[in-house]
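For reference, TrEMBL has these:
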COILED    76-103  coiled coil
COMPBIAS  157-174  compositional bias 'Basic and acidic residues'
COMPBIAS  181-202  compositional bias 'Low complexity'
DOMAIN    14-60  domain 'G-patch'
REGION    143-234  region 'Disordered'
Amino acid sequence: MQEPSSPWSTSCSSNNIGYRLLAKQGWVQGTGLGARRQGRLEPVIVDLKGDVLGLGKAEQFDEYHAASTARPKASMAEILANATDQEREQRQLEHTNKRLIQQEVKANLAVFYCGLCDKQYHKAPEYEAHLSSYDHNHKKRFAEMRRSHPRPANADAQRDRERRREQKELERIQKAALQRTAGSVSVATDSSAASASTSPAVLPGKAPAPVAFGFKKKPSGPRAFNFNLSPKPS
């Protein structure tokens with residue numbers, strides 16, 4: 001017990017009620033508490049804490065930090081170089097046990113592996129949900145269709161031959177079209193040159209009279225009537 005007015009770093013006075021109770025029970029001032037009087041003699045110093053850590057936790061963190069930063073951390077090469085035979089055997093044993101555990105876990109999870117979709121699951125509900133999903137069933141139907149309609153072994157070679165044949169046919173058609181176009185142009189050029197050479201030359205001089213078609217135009221002016229008054233022969 002401690003009076004409110006007493007400082008935290010001093011011991012209790014003889015007027016303190018706790019002091020008097022301890023004295024009645026046989027405690028002597030200047031000795032520690034306990035059956036063997038092994039208790040501490042100095043008062044417990046109480047500091048005001050602003051964090052949420054327990055008593056002495058901050059000091060423990062400081063000690064760990066000082067111990068860890070006292071020297072630089074050794075690299076793996078230094079650890080292996082300075083390791084003893086026993087440490088090497090222990091490390092090899094740990095590595096072997098770790099590899100065996102991984103193999104065992106992989107073997108146990110093999111039942112949750114979907115080879116069709118190449119997906120690995122670690123829980124049974126996830127694997128069952130995948131088996132009922134649309135993607136899995138779609139790939140399953142596609143695989144069944146491919147098995148029921150096998151693809152011929154030489155399908156790629158046959159497709160290449162068909163493509164080369166179509167390409168040759170297209171080149172032949174284009175070549176024939178170019179030849180026909182060149183022939184028609186040469187024939188038109190020859191016919192125009194022949195017509196120009198066979199047309200009659202127009203001689204200089206009087207121009208020929210134009211040819212009239214249709215009815216002739218009657219001459220204008222007074223008409224002359226010819227009356228025959230002689231009697232008809234009987």
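A Cβ is built for glycine as well, from the same backbone N, Cα and C atoms used for every other residue.
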Secondary structure split (DSSP) over the compositional bias 'Basic and acidic residues' (157-174) reads 18 helix, 0 strand, 0 coil
Helix, strand and coil residue totals from DSSP for the domain 'G-patch' (14-60) stand at 12 helix, 0 strand, 35 coil
